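Peer 1: Please see the structure below; I have some questions.
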């Protein structure tokens, strides 16, 4: 705020009037000084009274040329795109701003960094819809980039062995790192070299000559160690090309892990050690040349071994690594069919697995890699022409002694998890059968509890249990049978209710059969004719129709039809021959069969003795 001559603060209206009196609106003088034209003091007082109205009507600007009329207004408000909270414009960051710390030299002016990073991290595209907020609050912005940096660190370390991390030696007077140590550091980087990309472009051009399909990235193959990634490019016709983004790094890492003495020249070794820090790519190419000379010497000493076989044993790398790898490539059968995969030698792979047995072996491998690993080695393949190049036994023993002892894991007391499943499997394989020990009883049970219950009910507590309901003369030998009888016959408790029609039942199985009528389900079916029904009693009665008539014991006197049970015959007589059955009942009692021979008791045979009325 502005001050007057005495140091007092002026009100906003007076400050704006005094600051803008020299503008193009009005002819007032500053500080109320009299005009040179001899204006009266009354005019000056009137001018002082009209300063506020003149400022509002004219819209004078301040000393800095900006409109100060809106200084007292509230700031613009907006919503956060992520948390949907309402914030002032000072607390919002545009989604098109750059990341803090990145300069314009690294990014183009129109690049939307927050949108790019959000999509890369979460895989969700940020839509540029005008109806959506175009800003995020500072809190969400800071939290997002904290998670962004943390996840990037995790992605770089998730497939890297802790033993492979080396601190770079950049101080003066310190011995420079060797090629193996530099390779271990380079192996942590997941990036492709220019030569690798050059090889990919060359394959695309050769592929376009013989095939019209456009190749694209099919999948990525992660190697077993160091987080090295292989990119597989291919087309719809089956042509593929495996681009090993860091095969030289893999070779260097294997050398450092296994301490293998390679046959390097006297002049080549010091140059590699000197240039390993300054140019890792050049060191890797020279290492490839050294391996090429070694393979050449091996082919000279072993003429019977195929060159391609030696290449498959060595660290065969992709065609995109420059001239040092070209001699290792076998000529393809047709252009565009470059399906080579980069596989380390089986012997070195086995040794690496021994060294790094604690690493996960669940990485995805290509079909060619799995076939090569599963194929057993022949006598020629397992022959090693340079046994003196191996590390001596003393050194290996010393290395094993220096290896830190792994902390012993204390086992928790008690049974190990999964012991119940083992017992269950043993029971299923060899079921235990319990037979009733009482003579004449053929009861058999799979569990001991069932056998104990059987012995208690049928052999130990054997007694008659009559029904307590008056008028019911039924007797039961087992207590639970009596309880079921009382519940079903002598009580009207119906706890099972149908949800659709409201009908009640005493037993659950009756409710299930009733619900089948609503659903129309008929789970039982006749194996002979395909008849379907809901209850087993219906199916059992239906199966009697398929029996031969000779097997049926009860025959009808009128029509000759035979039945399995007497009850079925009585039903047939009452339904089909009701008149005949009525006539039989109406026969006079006097019509008796002819008298037969008397029995010793004084009655005729077949005649029942009737009690005399009292």
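Positions of Cβ are set from backbone N, Cα and C atoms, glycine also.
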Peer 1: Please find, within the list 496-518, 588-610, the residue stretch that Swiss-Prot describes as zinc finger.
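Peer 2: When 496-518, 588-610 are checked in Swiss-Prot, zinc finger belongs to 496-518.
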Peer 1: For the zinc finger entry in Swiss-Prot, name the matching range from 309-333, 434-458.
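Peer 2: Matching range for zinc finger: 434-458.
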Peer 1: Cβ pairs under 8 Å with the zinc finger (465-490): which stretch of 434-458, 496-518, 524-546, 554-577 has the most?
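Peer 2: Per the Cβ under 8 Å count, 434-458.
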Peer 1: List the helix, strand and coil residue totals of the zinc finger (524-546) as derived from DSSP.
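Peer 2: So the zinc finger (524-546) is made up of 11 helix, 4 strand, 8 coil.
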Peer 1: By a Cβ-Cβ criterion of under 8 Å, what residues six or more beyond either terminus of the zinc finger (496-518) are in contact with it?
Peer 2: 487-488, 534-535
Peer 1: List every residue in the same chain as residue 140 (Zn(2+) binding site), at least 6 positions away in sequence, whose Cβ is under 8 Å from its Cβ.
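Peer 2: In sequence order, 80, 81, 82, 83 meet the Cβ cut-off.
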Peer 1: So around the Zn(2+) site, 80, 83, 137, 140 aside, which residues have their CB within 8 A of the centroid of those CB atoms?
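Peer 2: Other same-chain residues with Cβ inside the cutoff are 81, 82, 84, 85, 87, 136, 138, 139, 141.
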Peer 1: Would you find the one among the binding-site residues 80, 83 whose Cβ has the most company, meaning other Cβ atoms within 10 Å?
Peer 2: 80
Peer 1: Work out, from DSSP, the number of helix, strand and coil residues along the zinc finger (496-518).
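Peer 2: Output for the zinc finger (496-518) reads 11 helix, 4 strand, 8 coil.
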Peer 1: So what pLDDT does the zinc finger (465-490) average out to?
Peer 2: 88
Peer 1: Could you tell me what the rest of the chain brings near the zinc finger (554-577), counting residues at least six beyond its ends with Cβ under 8 Å?
Peer 2: 544, 547
